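Structure first, then comments.
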């Protein structure tokens, strides 16, 4: 019997606690609703007395400013320096730039304007322009060699090898262009003015090679002719010598003694 009474008492106590909790929760919700209904700043659709604006109108950006331990939301038509605007379907936000020495940025990691005295190059800030780059037109933006003004490429030259146009099958051909304008007048910042590529042609004999071959053939013919003339001369000389010897070899004569 006593156990049954104890169970009833515990049940009734839990009912009181549940009711009290619901009452506190309802009172808190009424307080928040009262705060939100006190009237928001212009452009703010939902606000709180403690945290400022919680949701801005669709075309505006919400910026959270820190005030001690609190963050106060305000609505702006565009984001201030050091922030970039990020548009979302639920709410547009101002996000702080994460790039060192950046004054304004296009995205979290791409700067569009550096702090005073620094140079901008490919979304980053530098004390001086990187090697091979220079500030363009008195600005603080580093220009690249690609900004040189170049003429059109000329036609490809003839295929050659070691400055010769014949006597080979594979060689090189080149073409050139001119620098019309260089950044700060420094032509070393501009790209190459000469381009070379391999080429293949039908092998042809050089004219000097033909003359040389003809000269060698002529010398050979002269040598052969001289040799033939010498051989002929020697043969004639030998014939004359043989005939001379034959005339010089006369048989001895004998005189007949008188008959007694």
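Positions of Cβ are set from backbone N, Cα and C atoms, glycine also.
Keep in mind the model is a prediction, meaning the values are calculated, not measured.
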Select from 149-204, 205-260 the stretch of residues annotated by TrEMBL as region 'Disordered'. 205-260
Counting each residue once, how many in the domain 'Spondin-like TSP1' (148-203) are helix, strand and coil under DSSP? 6 helix, 22 strand, 28 coil
